[in-house]
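Written out below as structure tokens is the structure these notes cover.
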Amino acid sequence: MYNIEELKDKLLSELKEIAERLGVTNFKKLSKQDLIYKILDQQALLPAEKLPRRGRVAAAVSAPVAETAIATDTAVAEPAEKPAAAVRHDAQVQDFSPAVAVEPAERTSEEGQDTSERQDNGEKLDSNGRPIRPFQPRQPRENRQNQQLRGEQPGRQMREPRPQDQQQQQPREMREQGQQEVREPKERREPQQTQEPREQRETREQQPREQRENIQPQPREVQAPRDENQPREQRQPFQQKQQPQQNQQRPQQQGQPQNQSAFNNNNWREFDGVIANEGVLELMQDGYGFLRSTYYNYLASPDDIYVSPSQIKLFGLKTGDTVKGTVRAPKEGEKYFALLKVDSVNGRTTEEIRDRIPFQHLTPLFPEERLKLTTKSSQYSTRIMDLFAPIGKGQRGMIVAQPKTGKTVLLKEIANAIAENHPEVYLMILLIDERPEEVTDMARSVKAEVIASTFDETAERHVKISSIVLDKAKRMVECGHDVVILLDSITRLARAYNTVVPSSGKILSGGVDANALHKPKRFFGAARNVENGGSLTIIATALIETGSKMDEVIFEEFKGTGNMELQLDRKLANRRIYPAIDVPASGTRREDLLMDKDELNRIWILRKFMSDMNAIEAMEFLKDRMKGTKDNDEFLISMNS
């Protein structure tokens with residue numbers, strides 16, 4: 001077979017002859033480059049028996065190509081035949097030729113006659129009938145004669161062969177010249193170098209030349225069998241235990257630079273299991289999950305931590321679990337941090353959460369433990385709420401407000417009061433479709449976790465953030481925690497669900513889909529006090545009188561679902577009377593469970609006294625009476641006078 005280098009060195013006429021012998025069609029009008037590729041393609045299609053031998057004269061073109069393969073096999077099998085051949089040869093000839101190719105079948109008869117004549121003349125022959133001649137150095141004239149015998153043109157300048165081509169052509173040239181290579185005795189030869197292991201080759205190539213020469217080959221490290229059932233955190237110490245042994249086996253030369261790559265790898269491994277982080281778990285359909293960061297509102301981010309399916313099954317993790325543990329940095333080719341060890345889930349150990357009861361199977365109860373909102377004597381909004389609309393753990397409250405009535409400020413005051421009086425409660429503020437500056441102000445002024453999706457975001461983002469916040473709250477309640485969610489606003493959340501939900505074909509008045517309000521109701525209805533510990537309190541704002549029929553329909557759907565309602569009046573806000581609370585219209589269901597009997601009786605007397613007043617008169621009356629009192633207890637005692 002011809003390679004591309006040999007074909008490029010030939011003339012166009014020679015290439016056409018080769019193409020004709022190979023049976024290439026339509027080659028006469030082709031250029032030299034196209035003809036070379038045609039010949040290569042034809043060689044690939046023809047079987048090996050039909051290909052001509054390269055480097056022969058035209059008379060020997062029809063010889064089979066099997067000669068080259070047999071020569072190669074003979075060269076490979078040479079070391080095994082060396083002891084037997086050494087016995088047959090004289091002392092002067094210490095080795096035989098590397099490879100003797102088998103000639104075609106048509107020359108067999110001629111070789112037999114030559115062999116008998118040479119034996120009669122007294123010449124010594126080898127096993128193939130070739131005469132054994134002593135080594136003779138080449139002369140320039142012989143090179144020219146051999147060049148003519150091989151069929152090459154004398155006047156043409158030959159290109160310098162590559163080392164690889166010299167090694168391939170050396171046995172063929174020696175066979176044609178009838179010369180044999182005389183090798184050194186076996187005792188004088190240098191032992192062959194054994195092939196280095198792959199790890200040592202890579203390390204030797206990375207080191208400088210001076211240090212590379214002094215490194216001795218080392219035995220390969222014996223790796224312990226890997227147990228697939230063993231968790232990752234238990235397999236990791238074994239790898240770290242083997243690392244010092246490797247460092248002890250490698251002698252370091254004094255005064256020589258260390259391997260910078262190995263140094264960096266050792267420092268990189270030291271961080272495995274050192275970094276501690278936490279996040280909220282979000283499960284994927286394939287079984288694995290990611291710990292989402294709070295700083296990115298629980299959405300996909302570069303800080304996500306990969307959780308394997310085996311860890312999720314082992315610890316019984318669910319979407320919304322707050323997982324804290326040690327992680328490792330992503331290795332080469334990886335994109336995410338990986339969770340190595342789970343320290344706690346929702347503030348509990350992994351043994352405690354394994355047998356937890358799902359949220360939907362927990363028994364809901366009326367709120368029985370009160371959340372005190374009174375902090376300062378000058379903050380009348382929280383003091384009035386403590387008297388006329390108290391909040392308990394597990395309350396489902398709704399703040400019904402018109403635009404510009406101060407509902408966001410009221411939420412901020414409620415959040416600060418809960419954070420100050422009840423540090424055991426986990427407080428989250430969820431802002432949906434709000435202005436970005438209000439999000440920043442809320443995050444800086446409230447000691448709580450603020451999760452927001454501003455009005456310039458898509459409805460899908462609103463829905464996703466609200467769902468993962470609800471899942472997080474449910475998982476914490478399952479573990480016995482008290483959680484409070486302040487939602488602003490549930491009307492805009494319902495609008496987002498109305499945009500995202502597939503159309504059912506049933507449209508209510510105002511353009512609300514019949515199925516759009518189901519998930520917002522599930523969000524608001526998740527608030528409950530749970531038997532045997534744990535509670536979820538949701539205080540949501542609902543917009544009315546916005547000029548939109550959809551907002552009115554949404555409010556009517558949620559009107560009777562809450563067990564606490566606080567009405568804000570626009571007339572009070574227009575007169576700059578804050579808090580703009582309509583006291584007669586506000587109240588809490590089963591408030592007797594949250595107050596003692598004496599306080600409840602005084603509240604009822606006060607309500608009867610204000611029943612004939614409108615919202616403005618009632619608020620002015622309460623503010624005048626509260627100004628001189630320190631707290632609500634002193635205010636109720638002053639009612640007797």
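Glycine too: its Cβ is placed from the backbone N, Cα and C atoms.
Any TrEMBL annotation is an automated prediction that lacks curation.
Residues or ranges marked as ATP binding site in TrEMBL: GLY392, LYS393, GLY394, GLN395, ARG396, GLY397, LYS404, THR405, GLY406, LYS407, THR408, VAL409, ARG435. Taken from TrEMBL, the feature compositional bias 'Low complexity' applies to 74-86, 236-260. Annotation source TrEMBL lists compositional bias 'Basic and acidic residues' at 104-127, 172-213, 223-235. Look at TrEMBL and you will find 274-349 tagged as domain 'Rho RNA-BD'. As annotated by TrEMBL, region 'Disordered' applies to 74-265.
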(message) Check the DSSP secondary structure of GLY406 (ATP binding site), expressed as helix, strand or coil.
(response) coil
(request) Could you put numbers on the helix, strand and coil content of the domain 'Rho RNA-BD' (274-349), residue by residue per DSSP? (result) 10 helix, 33 strand, 33 coil
(message) If you count CB neighbours within 10 Å, which one among the binding-site residues GLY392, LYS404 has the smallest count?
(response) LYS404
(request) Looking only at the domain 'Rho RNA-BD' (274-349), report the model's average pLDDT. (result) 91
(request) May I ask which residues of the same chain, at least 6 positions away in sequence, place their Cβ under 8 angstroms from the Cβ of GLY406 (ATP binding site)? (result) LEU568, ALA573, TYR578, PRO579, ALA580
(request) Work through the binding-site residues one by one (GLY394, ARG396, THR408) and point out the residue whose CB has the fewest other CB atoms within 10 angstroms. (result) THR408
(request) Measure between the Cα atoms of every pair in GLY392, LYS393, GLY394, GLN395, ARG396, GLY397, LYS404, THR405, GLY406, LYS407, THR408, VAL409, ARG435, the residues the record assigns to ATP, and report the largest value in Å, rounded to a whole number. (result) 30
(message) Tell me the coarse DSSP state (helix, strand, coil) of GLY394 (ATP binding site).
(response) coil
(message) If I restrict to non-local contacts, at least six residues apart, and a C-beta distance under 8 angstroms, what lies near ARG435 (ATP binding site) in its own chain?
(response) THR454, PHE455
